[in-house]
Amino acid sequence: MATHHTQASEARAADSGAQASARFKDRAAAHRGDQPVDHERVNLLAGKAIKALTDIVYEDKVSYEEYNALKSWLIKVGEDGEWPLFLDVWIEHAVEDVATEHREGSKGTIEGPYYVEDSPEYEWDAKIPMREDEPGTPFRFKSKVTAVDGTPLSNAKIEMWHADEYGLYSQFAPGIPEWNLRASFLANEDGEFDIKTIRPAPYQIPTEGACGQLIEAAGWHAWRPAHIHVKVSAPGYELLTAQLYFPGDEHNDDDIASAVKPELMLDPKPSSDGEGEEVQYDFVLDPER
Ligand code: MBD
Ligand code: FE
């Protein structure tokens with residue numbers, strides 16, 4: 001049984017990277033305005049990116065074999081639909097650091113490839129949608145959202161999404177109900193939340209595609225520590241995108257996506273209602289500039 005499940009999970013995980021490409025294309029198309037191309041900026045950034053690569057060629061004397069291996073691999077990343085996965089795992093953490101360096105409120109981290117907009121809305125004290133027999137440790141997540149000046153934000157929203165007990169995300173791995181372990185919660189008048197979910201499992205990025213091939217060839221590992229994704233928002237405040245982690249996870253110190261920060265560590269306790277665990281983790285939002 002256990003073996004059967006592992007094989008099924010692996011087969012499904014292969015679809016996840018590719019699924020992320022299709023979704024990103026839709027989202028990017030929906031959000032793209034008629035923004036003019038900033039030729040100076042493209043000249044600067046594309047120029048620097050190309051120079052960074054040619055510098056490596058000279059410094060490390062890259063051979064034609066290696067150059068052709070790179071070409072094959074880049075083609076495969078596209079064929080496997082793994083550009084979102086590749087970029088979010090190895091590049092997004094730097095973009096997120098730069099985008100949020102002015103903030104005084106809560107630390108955030110990367111969004112990753114598996115966010116879906118417009119998840120169903122629930123009250124402040126609800127259970128996230130899950131299957132009747134959803135495996136996993138019950139996990140109660142309490143939170144209060146305030147502004148940097150301490151004002152409780154009664155119109156705050158927490159969007160939450162995370163993997164199941166097997167490390168699989170709904171809408172990216174087949175056979176899982178559409179909004180499983182995904183929801184938007186609306187704060188009470190004091191900016192508080194009391195969300196019931198389950199603890200997600202550590203997550204291994206798909207190993208069958210181009211990203212997995214790179215990891216294998218480089219002798220790296222494919223693991224991310226268990227994490228809960230959130231987007232915390234309120235009108236007039238900057239959107240906070242974060243992930244929350246569990247102490248003791250063996251991959252907290254070597255996350256392949258470099259997305260763990262000490263401020264994002266949860267402190268779960270045995271639940272006061274006797275079942276599973278609970279945690280209090282508060283968010284502080286920066287006003288829009
Ligand atoms: C994930 O679940 C994730 O959060 C990231 C950043 C990359 C791959 C899978
Ligand atoms: Fe994730």
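Quick reminder: no glycine exception, Cβ is built from N, Cα and C everywhere.
Features reported for this protein in TrEMBL:
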type     : residues : note
COMPBIAS : 8-22     : compositional bias 'Low complexity'
COMPBIAS : 23-35    : compositional bias 'Basic and acidic residues'
DOMAIN   : 40-106   : domain 'Catechol dioxygenase N-terminal'
REGION   : 1-35     : region 'Disordered'
REGION   : 264-289  : region 'Disordered'
Folded-back contacts onto the region 'Disordered' (264-289), same chain, C-beta under 8 angstroms, at least six residues removed: 102-107, 109, 137-148, 153, 156, 158, 198-199, 230, 232-234, 236-238, 240, 242-247, 252
Mean of the pLDDT scores, which run from 0 to 100, over the domain 'Catechol dioxygenase N-terminal' (40-106): 98
Helix, strand and coil counts within the region 'Disordered' (264-289) (DSSP): 1 helix, 11 strand, 14 coil
